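Participant: Once you've had a glance at the structure underneath, I'll fire off some questions.
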Amino acid sequence: MSLLPHLILYLTLFTVAVTGETLRPRFYRETCPEAESIVRREMKKAMIKEARSVASVMRFQFHDCFVNGCDASLLLDDTPNMLGEKLSLSNIDSLRSFEVVDDIKEALEKACPATVSCADIVIMAARDAVALTGGPDWEVKLGRRDSLTASQKDSDDIMPSPRANATFLIDLFERFNLSVKDMVALSGSHSIGQGRCFSIMFRLYNQSGSGKPDPALEPSYRKKLDKLCPLGGDENVTGDLDATPQVFDNQYFKDLVSGRGFLNSDQTLYTNRVTREYVKMFSEDQGEFFRAFEEGMVKLGDLQSGRPEMDWQGQKLVEHLMQILLVISGVVAVVVGYATESFRTMMLIYAGGVVLTTLVTVPNWPFYNLHPLKWLDPSEAEKYPKPEVVVVASKKKVSKK
Ligand code: HEM
């Protein structure tokens, strides 16, 4: 009789271990309890040294996670056999503050050698950048493993250009299971940091090949940008991504409403009908923005290594089948084991269930690939973005805000 509780406990633990997620909060509680406070301390130091650096580090989460999952591949330098991501189209001369991650890693190695992955450092540091600049603070899931390889080509193919329009961005984020709301909220990361003139020259002087500036630009803001980024000037000069570039707040969305978005990919979120609703909502309700942003960052951080062209529906089916089969075999094993008062019988039945589950879920059966993701050719889509209806904000609206 006393066998039953043991059977149930054992099977429950085993099933949870097999089906449970690998990422979880406080992953380093036993192995490196100070990990999160060390990262926060180092980020604070970096911010004091140079306020912008925390924004630059926060950007790493996006550029790491979108390219084959959050695996710190972004941080790998080129080798004779591998072209890394640091020099990809979106990253070259643009991503910066890698030394902050180096400092964090060094501090963590001192405290707990060979324990905390760089992929987790990127996730913790991004969260801290937001919290330290006045934004929300949330619990991050940890337990990622670092990649030993990187792909410049994948980064080139995947990362969006500042020319991208909202329709393109909606499609792109959807491929990563990120909704329109997630995409707009995550773009709110441009509430901190700066961008180069290089990223906006076309919209100041030749939007969509028209030889004219982007009509969505509010005239006095355009004059300001023209002065900052004159034709033929130094394209590495930087401008603020919103009016309060050191504070994480909803000013970015207020700026979009008034036609003062820095990047085309920012302003397009207000000119597009679908995304405009979220821009308006976030510009009016900072709490709503913060909640959506947290949610988006957690989802972004959940992207695991594995090529993005996978079949999401197939993956969900595998997970469900695995859980169902394991639970059924567990229940059958417990019932039969209890009825026959035999631990051996129970284990044999459960082992059979595990073997069956493995056969069903591990091989790449064709029925898991019935919904492959359709990838656009990003170069084509970005070269010729579809023109979108432009809503130029009225001055009245601006002064009300
Ligand atoms: C929606 C698509 C996005 C596009 C097209 C985009 C594009 C860009 C571009 C072009 C810059 C300026 C780079 C330069 O001129 O050198 C920039 C800066 C930045 N991006 Fe994004 N971004 C996007 C989404 C995101 C997301 C999801 C995050 C974070 C979760 C993020 C975080 C940042 C930050 C913090 C900066 C400022 C970095 C600094 O000051 O060094 N971006 N982005």
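Placed from the backbone N, Cα and C atoms, the Cβ positions cover glycine too.
Annotations in TrEMBL come from automatic prediction, not curation.
Not my notes, these are from TrEMBL:
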ACT_SITE  His63  active site, proton acceptor
BINDING   Asp64, Val67, Gly69, Asp71, Ser73, Glu85  Ca(2+) 1 binding site
BINDING   His190  heme b binding site
BINDING   Asp242, Thr244, Asp249  Ca(2+) 2 binding site
DISULFID  Cys32-Cys112  disulfide bond
DISULFID  Cys65-Cys70  disulfide bond
DISULFID  Cys197-Cys229  disulfide bond
DOMAIN    22-315  domain 'Plant heme peroxidase family profile'
SITE      Arg59  site 'Transition state stabilizer'
TRANSMEM  320-340  transmembrane segment
TRANSMEM  347-368  transmembrane segment
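Relative to the rest of the structure, where do these features sit?
Facilitator: Its Cβ taken as reference, His63 (active site, proton acceptor) is surrounded by 21 other Cβ atoms within 10 Å in the chains shown.
Proximity of Glu85 (Ca(2+) 1 binding site) to non-local residues of its own chain (separation of 6 or more, Cβ distance below 8 Å) is seen for His63, Val67, Ser73, Leu74, Leu76, Asn91, Ala150, Ser151, Gln152, Asp154, Ser155, given in sequence order.
There are 24 other Cβ atoms within 10 Å of the Cβ belonging to His190 (heme b binding site). According to DSSP, His190 (heme b binding site) is assigned to a helical segment.
Shown in sequence order, Ser191, Gln251 are the residues of the chain, 6+ apart in sequence, with a C-beta less than 8 angstroms from the C-beta of Thr244 (Ca(2+) 2 binding site).
Counting only same-chain residues at least 6 apart in sequence, those with a Cβ under 8 Å from the Cβ of Cys32 (disulfide bond) are Leu108, Ala111, Cys112, Thr115, Val116.
In this structure, Cys70 (disulfide bond) belongs to neither helix nor strand by DSSP; it is coil.
Its Cβ taken as reference, Cys229 (disulfide bond) is surrounded by 22 other Cβ atoms within 10 Å in the chains shown. DSSP classifies Cys229 (disulfide bond) as coil under the three-state reduction.
Other C-beta atoms found within 10 angstroms of the C-beta of Arg59 (site 'Transition state stabilizer') number 23, with every protein chain shown included.
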Participant: Nearest of the recorded positions to Cys197 (disulfide bond) by CA-CA distance, picking from Asp64, Cys70, Asp242, Asp249?
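Facilitator: Going through Asp64, Cys70, Asp242, Asp249 one by one, the closest to Cys197 (disulfide bond) is Asp242.
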Participant: Show me the subset of Arg59, Asp64, His190, Cys229, Asp249 whose Cα is within 10 Å of Cys70 (disulfide bond); these are the recorded positions I mean.
Facilitator: Asp64
Participant: Cys65 (disulfide bond): which of the binding-site residues Asp71, His190, Asp242, Asp249 is the nearest Cα neighbour?
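Facilitator: Closest candidate to Cys65 (disulfide bond), judged by Cα separation, is Asp71.
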Participant: Can you name the residues of this chain that are 6 or more positions from Asp249 (Ca(2+) 2 binding site) yet have a C-beta less than 8 Å from its C-beta?
Facilitator: Gly134, Gly135, Ser191, Gln286
Participant: For Cys65 (disulfide bond), what is the secondary structure state per DSSP, taken as helix, strand or coil?
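Facilitator: Note: Cys65 (disulfide bond) is helical by DSSP.
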